[in-house]
Amino acid sequence: GCDGSILLDDDSTFIGEKTALANNNSARGFEFVDDIKAEVEKTCPGVVSCADILAIAARDSTVVLGGPSWKVKLGRRDSITASRADANKFIPAPSFTLSALKSNFHAQGLSLKDLVALSGAHTIGLARCTTFRAHIYNDSNIDPSFAKSLQHKCPRTGKDDIHRRLDLRTPISFDNFYFRNLLKKKGLLRSDQELFNGKSADSLVKKYAADSSKFFQQFTKSMNKMSNIKPLTGNSGQIRINCRKVN
Ligand code: HEM
């Protein structure tokens, strides 16, 4: 759920989600959340949850990079627990096929439309060699010269942590080049290219590649849906003072 559980640090008595398979050496930027939280606590102590800060930061960073804006419902509260086992079980992997991605999203109440539009967030950011190695060496659903150029940077062994752009064309703009790349078989992750593989997601990818306003419209709807999955409200959870630890 959207309860800030990913922000909790491990300590001697507690293992959280930061070291789950998908998050370890991957999820980053926690110090920015700390800075935002510290500012908010100065003016309005004990009111704004870390979970709400994450939801707003996701929206505002989209806007700053040229993407769409949307209204964020507020009032989420923060968890007092986290589960590495659940994170391992539920976060989708870059090796997933289309059908695995679909069932993973369906389990959270998210449709194929949500899956495709939300994957469009890979219009920004980077991925480590270890997350796309299998795709560039083993898969056929990839442009051969694109695969080759990546193989120079990401060898079969070693250099696990070198980063490559998820959107090779415009990695710091929130636009629809992610989808345009997929039409050319230039998706970085297997899970990206699976969305344009001759099956049920193709028509959505084509639609968003052709018209960024259609992508933006669906992205805002799907972000709203995703950011309201199982929030803690009322008296559940707490408003953490420090996002890294339970009060
Ligand atoms: C469809 C299932 C998804 C899979 C399998 C997936 C997988 C990944 C992987 C493997 C990376 C690179 C991580 C690393 O190298 O450490 C990544 C990065 C990223 N993902 Fe996803 N992702 C998915 C969906 C999403 C969604 C729904 C969003 C947001 C709406 C998102 C936003 C991002 C962003 C912004 C980055 C770049 C982070 C950075 O540069 O630090 N992803 N994703």
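Start at 1 and count along the chain as shown; that gives each residue its number.
Backbone N, Cα and C define each Cβ position, glycine as well.
All TrEMBL annotations are machine predictions without curation.
Feature annotation from TrEMBL assigns domain 'Plant heme peroxidase family profile' to 1-247.
Shown in sequence order, Ser79, Ile229, Lys230, Pro231, Leu232 are the residues of the chain, 6+ apart in sequence, with a C-beta less than 8 angstroms from the C-beta of Gly1 (Ca(2+) 1 binding site). Positions annotated as Ca(2+) 1 binding site by TrEMBL: Gly1, Asp3, Ser5, Glu17.
Residues or ranges marked as disulfide bond by TrEMBL: Cys50-Cys243 (among others). For the recorded site, Cys243 (disulfide bond), the DSSP three-state label reads coil.
Per TrEMBL, substrate binding site is recorded for Pro92. Using a 10 Å Cβ-Cβ cutoff, Pro92 (substrate binding site) registers 17 neighbours.
Residue density at His122 (heme b binding site): 23 other Cβ atoms are found within 10 A of its Cβ, drawing on all protein chains shown. According to TrEMBL, the feature heme b binding site maps to His122.
Residues or ranges marked as Ca(2+) 2 binding site by TrEMBL: Thr123, Asp167, Thr170, Asp175. Sequence-distant neighbours of Thr170 (Ca(2+) 2 binding site): residues of the same chain at least 6 apart with a C-beta under 8 Å from its C-beta are Thr123, Phe177.
What TrEMBL records for Cys129-Cys154 (among others) is disulfide bond. Taking all protein chains in view, 18 other C-beta atoms sit within 10 angstroms of the C-beta of Cys129 (disulfide bond).
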Within 10 Å of Cys243 (disulfide bond) (Cα to Cα), which of the binding-site residues Asp3, Ser5, Glu17, Asp167, Asp175 do you find? Ser5
Recorded positions close to ligand 1 - of Gly1, Asp3, Cys50, only those whose C-beta is under 6 Å away: none
Asp175 (Ca(2+) 2 binding site) versus Cys50 (disulfide bond) - Cα distance in angstrom: 28
Between Asp175 (Ca(2+) 2 binding site) and Glu17 (Ca(2+) 1 binding site), what is the CA-CA distance rounded to a whole number of Å? 30
Could you tell me the mean pLDDT over the domain 'Plant heme peroxidase family profile' (1-247), as a whole number? 98
